[in-house]
Amino acid sequence: MRLKQIKLAGFKSFVDVTKVPFPHQMTAIVGPNGCGKSNIIDAVRWVLGESSAKNLRGDAMTDVIFNGSAERKPIGQASVELIFETQGEGTQDLLTNNFHLAANLAERNEVAIRRTVNRDGQNLYYLNGSKCRKKDITDVFLGSGLGPKSYAIIEQGMISRLIESKPQELRVFVEEAAGVSKYKERRRETELKLGHTSDNLSRLADISQEIGIHLNVLDQQAQQAGQYRKLKAQERELKSIIATVKYQSAQKQLDKLNTVIAELNLHMAEAKNALSEQKFALSKQEQAIEQDYKTLSDAQHTLTSTNQEHSRYQQELATAQHLLSNNEKQVARYLQKQQDIVAKSEQYHQEIARWQEKLAALAPQTLAAEQALVSAKAELLSLEQQVASQEQLVQTQSRERLAAQEQRLAQQEAQLAGQELLAKLTAQLEAKQLQFKELSEQPVADLSALTDKIQRLKDEITIGQAELNAQAESNNQLEQDIKQAELALADNTQLQLSFNLQLAQLTKQLAVKEEWQSECEHWLTAQGITKFNSYREAISVDKNWQAAIDKVLGQWLDAYLLSANDYQLISSNISNTLERGVGDSHSDSKNNSQNSSQNNEHKAAERFWLINQENLDQHANIGSLASKVTTQLGFVSLLNQVKVAEDEASLQAMLASVDTLTDEQYIISADGTLWSRAILSKGRASQGINRLALQCEYDELNQQIAELSPIVDEQSEKLKQLKDQQQSLAQQNTVIANQLAEQKLALQKVQSEYDFAQSQIEQRNRQLAQLSQELTALTLEQQSAISTIEQSKAGQATEALSVEAIEQSEQALRTLQEQLAALVAQKHAKQQALNDAQQQLQQLQLQHQQHSLSLRQSELQLAHTSEQRHSTDDQLSHYQQELAQLPKTATLEQQVVAANESVEKAKVKLASAELQLDESKAKKSQLAQQIAQLETKVNQHNDTAHQQALKKEQLVFELNAAKESLSELKELNQQQVFGEPTGSVASYQQQLKQVQRQLGELGAVNLAAIDEFQLQQTRKNQIDLQIEDLTQAVATLESAIAKIDKESRQKFKTTFEQINQGFSALFPKVFGGGQAYLALTSDDLLDTGVTIMARPPGKKNSTIHLLSGGEKALTALSLVFAIFRLTPAPFCMLDEVDAPLDDANVERFCNLVGEMSKTVQFIYISHNKIAMEMASHLTGVTMMEPGVSRMVSVDIDEAIAMAEVS
């Protein structure tokens, strides 16, 4: 078997699927450092079952998965597959005598072993594509030299570690070469089985011993159980005889008792008939009382209605007074506001008159300034004409003077004329330039600042107008909110007053009952009782069933709950007036007055009802009226005797079976209608007042008032806040309106300033344009004059003018020029006067505009005041109309007086109805006394009947007990049981006692001991058989271990001697001399270690650790090759083992490998050229892409052949 190919995918740097073929006996894997060559060695070790990440140069087993690179992402799984050839060319030379594949694998051409691992750490093994265990993989290569710790895979640094390894570690290589590893694995498994078997055997022995002890005890218990069964049979027979005798005696007593009960029932029927007649009379009287209550209720209803009407009138009167007061305040406020507006209007009229006077005063001044300006303009025009005339005169005189000169002076005259014209033009030009400069430098208003100011004022006016509009809308909304709040407050105030009147009426109705209770409390306190509460306070009733509860309990709702001691004390004190236990929960009968001549204390006692709270029922029957009551003290028994009809259907079903009711049972509906077998009652309870409903209505009114009070307070506060907001809003509105009027006046003022400044600038621009044109014309004339003078000079004759004539001409010209300059100066003065007149006129016009603006502002304020006055007049008219529409308080007061008279009449009618009700109650009280006497008689019969019934129940119970006892004795026939007994009961009981005494002497008996004894005996026999089988298995396993140890010793000894012999022979061959041998550390071949001793030529070292690195490497290679000669593995992998060797030793190493490659397949990694030349196939590993390894293969033989051909 030889290694054909390695297939890697995702293992370390081999991220892509990579196949590494090994077609020849010697394959060299070459490549630069860090390219991933050693990962191939790690892959082989890993797929053979290596479980230590340290041996794979990692920290965890998942480190073998490709973890990504600069250009690739990590992957989730790594896989390595080894493919071996078992048949084919070259495999016959590699077969060894020490290693044979299993039969199912030897028949295959190829054997594939694969291992995968994912990021979760899950490892999977495959053998020929089928999933298997790691143990299956290791079993395939046991004894072959391959495995995780194989000597056939020599990694970097392993050579030195092999030499320096401990004796026990070195022994592993010898055992692998001897094939002892598979025996050791089998021995380990056998020892495990032996240990488990011994443990099981020990446990079974303990169980067997315990069962034996338990069997001895069970044997005694089984004998005792047999005797117990016999005695129990005798006991059962005696009990049956005694039960028969007792049954016959009880049957006779029962017959006698039935006769007595029949006579008692006859007397009870007569008493119940009389009681029914009295109850019928009482029912009629109750109907009469109900009619009185109806009359009383009508009177109360009338009184309540009149009280409500009286309250409504009072509320309307209070509301009208409130609205009247509010409207009068509003009218007064708006009248005051109207007066303020009138005062402001007068003030604004005065300001308008004052501004008009100022404007009138400015009119003459403005007119005078305008006239002065016109006069100045006329004088200036006259001067301009004089200047022009003077200029024309100068020119005329010059021409006349020059014309008179001689022809010879023509050129000079022409030149002088040109010079004069030039001077004139120069003077005019300078004057115009000065005027242009003064006009240009004259300050003007900043139109951009005025524009910005106008725009800012417009924005402010827009914002102010928007705020004013918003304030108006808010004011309208506030007025609506105030009206709604006033209406809501008036409604809630009226409702609160109505509730208070109703509450006062209920308080008045409840006050009588509270006074009634205070009398009772005073009387109970006088009796020495301080702790008492009414039954009504101790219960909570379903609202829908309050009328029913009040109907049934009536006055008992206000009965006081007393403890047993207090109840006994009261009973003893008023035993003459209370016929039965007051408030006893078994009878619940009422006590009434029997003697009207008793003292006041006794009268107080007779008016009230008491309940012994310890005798109340603690449970409410399902479907009874008690189920509608919630209490922690208990229920009056009468409530459990009244069945409730939840709806119409259940009521009809109950009424269909009303005849089956007893005299103490009733049916009631939610409206208080009461049925029994003999009576039917509908209407209010006997006392005429529904106390629970009254109290409930009182509590609801209190709750409604409590809920309404904060609402009224909140609405009052809200109304006050709204009015404050309205007042604040009005103030803000006035402020905003004033600011808006001021802003409008300021805008008009700034707009006037802007218009005036713009007119000034336009006028100035026109003057500058005119001056500019004049300057241009003068400049052109000056240039023309200069040109003429130059031409005259050029054509002037050579003749010279006389000095005197020239001086005279110049003097005349200067005189004219001086006159012209004087006129120009006068013109300038007039121009300045004109400018001053214009500035004065502008100032007067500005004052006029300012006064006009102030006048306009006053007029606007006056208009705004007029608007406010109109608005105030409208509001005043509105409130005056509302005031006129309000109802007259005198009419409402008359209605209140009339309502008071109606209330008094209703009270008189109510008192009459209460008097009639008291008379009906007195008649009812007499009937109740008679009924109480009859009920006492019926109760006595009931007590007697109850006692007889108890006796009958006792006898029936005894009969049933006897029957049950007899039914257990099925083996006795009926005739024997019910026939006459042969002895007395005493004799049979004596025999029974004797049997029971014998049973007592037996003590505790285990009746299951007999069955348990048989079961445990069977179990012990089975365990004894298991102990025997396990004993034989232990002997077999110990024999197998001894045989394995014997074979292991023999194989280890033989292999050690052969390896030692080969190592001793190979070492001198490799080193060229010297000696080396292996030694055992002890005589026990199963546990002894192995040491190495080597002395190269010329050295006498005492230990191998003194050798150099190269010497250690050659020594280790000698030992490995000696093992391979003895037990060759399918292949040998060497990882840079030649690194510490020099060239000479490398050649020796290569020769040795080449010699052994005839029987062993070598795969080695090397950087040495000599080792590379030795290989028949080169496989290169490159890492062109960082972090990713790829394969490059070269067949040396094919390469040589191609080289020879070329």
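Each Cβ is built from the backbone N, Cα and C atoms, and glycine gets one as well.
Annotated features, as they stand in TrEMBL:
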type: DOMAIN; residues: 3-1189; note: domain 'RecF/RecN/SMC N-terminal'
type: BINDING; residues: Pro32, Asn33, Gly34, Cys35, Gly36, Lys37, Ser38, Asn39; note: ATP binding site
type: COILED; residues: 247-316; note: coiled coil
type: COILED; residues: 366-495; note: coiled coil
type: REGION; residues: 580-599; note: region 'Disordered'
type: COMPBIAS; residues: 590-599; note: compositional bias 'Low complexity'
type: COILED; residues: 712-781; note: coiled coil
type: COILED; residues: 806-861; note: coiled coil
type: COILED; residues: 896-1047; note: coiled coil
Least surrounded among the binding-site residues, given as Asn33, Ser38, Asn39, when other CB atoms within 10 Å are counted: Asn33
Other same-chain residues whose Cβ falls within 8 Å of the Cβ centroid of Pro32, Asn33, Gly34, Cys35, Gly36, Lys37, Ser38, Asn39, the recorded ATP site, in sequence order: Ser13, Gly31, Val1181, Met1183, Ser1189
Segment confidence, the coiled coil (366-495), expressed as mean pLDDT: 73
Number of Cβ atoms other than its own within 10 Å, given for Cys35 (ATP binding site): 18
Cβ neighbours within the same chain of Gly36 (ATP binding site) - under 8 Å, at least six residues apart: Lys12, Ser13, Phe14, Val1181, Met1183, Ser1189
Least buried by Cβ count (within 10 Å) of the binding-site residues Gly34, Lys37: Gly34
List of residues, in chain order, with Cβ under 8 A from that of Pro32 (ATP binding site) and at least 6 apart: Thr1182, Met1183
DSSP-derived structure type at Ser38 (ATP binding site), helix or strand or else coil: helix
